[in-house]
Amino acid sequence: MPVESGSSAAARQAKQKRKSHSLSIRRTNSTEQDRSGLQRDMLEGQDSKLPLSLRSNLLDLFSQIEREFENLYIENLELRREIETLNDRLAAEGQTFEGADLAKGALKTKASHSTSQLSQKLKTTYKASTSKIVSSFKATTSRAVCQLVKEYVGHRDGIWDLSVTRTQPVVLGTASADHSAMLWSIETGKCLLKYMGHQGSVNSIKFHPTEQMALTASGDQTAHIWRYMVQLPTPQPVADISQTPCEDDVDFSDKDEADGEAEGPNDCPSIRVATTTLRSHQGVVIAADWLVGGKQVVTASWDRAANLYDVETSELVHSLTGHDQELTHCCTHPTQRLVVTSSRDTTFRLWDFRDPSIHSVNVFQGHTDTVTSAVFTVGDNVVSGSDDRTVKVWDLKNMRSPIATIRTDSAVNRISVSVNQKIIALPHDNRQVRLFDMSGVRLARLPRSNRQGHRRMVCCSAWCEDNTTCNLFTCGFDRQAIGWNINIPALLQEK
């Protein structure tokens, strides 16, 4: 029997090594189907509480991630070769190139771009339902000019709500957690009257459409109607404040200058007794409003009900029930007997009192968190704001889906809509106030810095169409209300 020489044995071993190496290479470069099938077999052999379909879906997603990284790696290799070729060419031509670092920077830029694409794909896959900052944050070509005109300081606690009278004399009303409501001269910033009839936080204030009467809602489970008579002081020259484009303002400091006790107005007359007290709620009355004509009022409470009262007799006419959680706001239509109520149950409801015998109700579920407010516009629209950081514009004729959605970076509180300019003012938890048009296009952000603007959560906004000095008012938990002059370019108004 022939004996194999040492040289032939070594050659045969080397051949076997090359063969095994080629087999391993073929296994590594096998098709994706074989690889995914093998991985599925491995997963099936492992103990897991996840359903097989879900595990298979995860496997597919991880395979996509792996392919993305492979593409990224190959792309970087090609880019590196191109950079080396360019450096060799420059070196051959005798040119100095400071671009070793520059080349690395280009490589990092390319890698960063590819990584961002992968990150975006992952977000799309795993967070398809989350909100994205979209076109509402795009800068407009012609920005609104916002000017802080007057600050109204005197409350000893946060201000929840504010409103402007619809009749002469035009004054500003504020409702505060310090158990009081105040009436202010818009031009001078002086307190004209203080109402102190409530035993709890005053959560809302609204004025009668034709008479000098105010409606306030309180944490003492009541709503009060009280008459007022004020005399406006002589207007003083307004200090010249340079107009500031809203988007260019920078927040220089978060210093809270309102922590100290505010000095209340010393010479402000007060009212301590209500003309009419509305009782029947079993919880905090969070908001109230006048129906068109001013003969009835509606209140919203934490007892999950809204009540309709007759003003003259103070009797309960209807109790509007149906919400599953506490109500947060109520609003009446300016020309029709319609009421909209919002709630923590993520819905708002439309109540129709135009036919005395029928009180129809429609429920709208367009939000995913507490609906903080829903208001009517002069036309056939309803605008709703929510803690889910969105504001939606609805058409009363077809409210199956919103006609516009505004996405923000902070929870939205009590919004307001300008009658003449059709601009939505959004007060936020993050101390900002932003302006949008009815189509959802962002117009401006009110200035907020260490020199001006709110220093705490902004609770409410209100428009005033009859005053040229201030046409927008905001209030917050920094114990002050602010009057603004908003100048919208004609081009934006036409849109």
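Heads up, the Cβ atoms here are built off N, Cα and C, so glycines get one too.
If you check TrEMBL, you get these features:
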type: REGION; residues: 1-40; note: region 'Disordered'
type: COMPBIAS; residues: 22-31; note: compositional bias 'Polar residues'
type: COILED; residues: 62-96; note: coiled coil
type: REPEAT; residues: 152-194; note: repeat 'WD'
type: REPEAT; residues: 195-226; note: repeat 'WD'
type: REGION; residues: 239-268; note: region 'Disordered'
type: COMPBIAS; residues: 246-264; note: compositional bias 'Acidic residues'
type: REPEAT; residues: 278-319; note: repeat 'WD'
type: REPEAT; residues: 320-361; note: repeat 'WD'
type: REPEAT; residues: 364-404; note: repeat 'WD'
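Sequence-distant neighbours of the repeat 'WD' (364-404) (same chain, 6+ residues past either end, Cβ-Cβ under 8 Å): 131, 328-329, 331-335, 338, 340-344, 346-350, 410-417, 419, 422, 424, 426, 436, 438-440. Outside the repeat 'WD' (152-194) by six or more residues, the chain places 200-212, 214, 216-218, 228, 230-233, 235-236, 238, 261-265, 268-271, 287, 414, 456-457, 459-460, 462-464, 466-467, 469-470, 473-483 with a CB less than 8 A from a CB of the stretch. Counting residues of the repeat 'WD' (278-319) by DSSP class, helix then strand then coil, yields 0 helix, 24 strand, 18 coil.
The residues of the repeat 'WD' (320-361), classed with DSSP into helix (H, G, I), strand (E, B) and coil, number 0 helix, 26 strand, 16 coil. Mean predicted confidence for the repeat 'WD' (364-404): the pLDDT average there is 92. In the repeat 'WD' (364-404), the DSSP tally of helix, strand and coil residues is 0 helix, 21 strand, 20 coil.
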